[in-house]
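Undergrad: The structure under discussion is supplied below as structure tokens; questions concerning it will follow.
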Amino acid sequence: MENLMASSNLIKQLQERGLVAQVTDEEALAERLAQGPIALYCGFDPTADSLHLGHLVPLLCLKRFQQAGHKPVALVGGATGLIGDPSFKAAERKLNTEDTVQEWVDKIRKQVAPFLDFDCGDNSAIAANNYDWFGSMNVLTFLRDIGKHFSVNQMINKEAVKQRLNRDDQGISFTEFSYNLLQGYDFACLNKLHGVALQIGGSDQWGNITSGIDLTRRLHQNQVFGLTVPLITKADGTKFGKTEGGAVWLDPKKTSPYKFYQFWINTADADVYRFLKFFTFMDIAEINALEEEDKNSGKAPRAQYVLAEQVTRLVHGEEGLEAAKRITESLFNGNLSDLSEADFEQLAQDGVPMIEMEKGADLLQALVDSELQPSRGQARKTVASNAVTINGEKQADPEYVFSDSDRLFGRYTLLRRGKKNYCLVCWK
């Protein structure tokens, strides 16, 4: 594990991991980092009630800087979340109510907290909310003190909004157009409040970050820096962090630890070593050694298991990881005796297909309702051919009717057809 990375070459180490997309004045920043600890920030807008995988790389980057002795500021956008960032978005965002945004702010702040250390002396993390400075600011102050420093000519040339300005069907509202000023002022404000000298963010944030750098120079005559992390792509060109069911969330109530773990297990060989560099704190030498070992082992690579274990532990803790592994193991070997009621709740949430049934239903009905079989006739043949298990036990009687002993924790019955097709019956 890398502990305190030497600060002066921290940028180099991030580059070796493929974690730097763009950086302003790299030499001056490296020099500034070599002089001693700095404060840096990353902003998270509450656009939903949870962060998702796309937020993980910048969040872990804050952690990497903190491990190297720097002071991270996690900014939750209580104000910017009310406006909506138009950067590279094809259409105007729906405005959310103040109550909703406030609720999301609280959830996201709680989600960010475990990744950073808020009690470690000089470089303890700080949680900030931009509603604190924008909430009471009036429009004249905004236009005179902030707006005066922004050139519309430059703003309309920013890549992030260009596509919206050039389309007749999807223009951009004044609300979203002014987002750039808000994020710019955040940087200037945090520079004044906490001496923040660096902003990090996803590569789509470059335009907002450079605006903040200019504004900080104009308002406070301070030189500050920006660094963006790349947008994560997969080798096959498909979007990272999405499954058939949508985004992969960090909130266990939205994506269960089991589903989260499985997401990483299913990483392609072409991506897995790169992802170990992005999403874990393993030493690069260790990752390269693992790649070498996988290449020469003649067996299935071990890297996916290492990745799944590391990231699940980071996000869901030891307990979440243990549950995910326990469920994975039980489904693989068909022995459900180790599963807890909470494990079944994870499976019902998003782990395997799930149906609800009234008590008194028979096995054939369950196979048809669960779409494990197209018809009762086909189900009858499948059961008779010994291809169906109930809670891991073979059941070859086509006339079988479920009994209370089949209902684990009084509620759950796991059906399997063949090797891999599962359905969880939840009894009403």
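In case you wondered, yes, glycine gets a Cβ from its N, Cα and C as well.
Per Swiss-Prot, the feature L-tyrosine binding site maps to TYR41, TYR179, GLN183. The ATP binding site annotation in Swiss-Prot covers LYS242 and rests on sequence analysis. Annotated domain 'S4 RNA-binding' per Swiss-Prot: 361-418, in sequence order, evidence recorded as sequence analysis. What Swiss-Prot records for 46-55 is motif ''HIGH' region'. What Swiss-Prot records for 239-243 is motif ''KMSKS' region'.
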Undergrad: How many Å lie between the Cα of TYR179 (L-tyrosine binding site) and the Cα of LYS242 (ATP binding site)?
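TA: Answer for this pair: 27 Å between alpha carbons.
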Undergrad: With Cβ-Cβ distances below 8 Å as the criterion, list the same-chain residues six or more beyond the ends of the motif ''HIGH' region' (46-55) that contact it, or say none.
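TA: Cβ under 8 Å, 6 or more out: 76-78, 81, 84, 93, 101, 103-105, 107-108, 111-112, 202, 232, 240-241, 247-251, 254.
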Undergrad: Summarise the domain 'S4 RNA-binding' (361-418) by DSSP state, stating how many residues are helix, strand and coil.
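TA: Split by secondary structure, the domain 'S4 RNA-binding' (361-418) comes out as 19 helix, 14 strand, 25 coil.
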Undergrad: Give the nonlocal contacts of the motif ''KMSKS' region' (239-243) in its own chain as ranges (CB under 8 Å, at least six residues past its ends).
TA: 52-54, 232-233, 259, 263
Undergrad: What same-chain residues, at least 6 away in sequence, bring their CB to under 8 Å of the CB of GLN183 (L-tyrosine binding site)?
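TA: Listed in sequence order, they are GLY43, THR80, ASP85, GLN205, ASN208, ILE209, SER211, GLY212.
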Undergrad: Rounded to the nearest angstrom, how far is the Cα of TYR41 (L-tyrosine binding site) from the Cα of the residue listed as 'ATP binding site'?
TA: 26
Undergrad: Sequence gap of 6 or more, Cβ distance under 8 Å: name the residues on the same chain that satisfy this around TYR41 (L-tyrosine binding site), in order along the sequence.
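TA: Listed in sequence order: PRO72, VAL73, ALA74, LEU75, ALA128, ASP186, PHE187, LEU190, HIS194, VAL196, LEU198, GLN199, ILE200.
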Undergrad: What is the total of other Cβ atoms whose distance to the Cβ of LYS242 (ATP binding site) is within 10 Å?
TA: 15
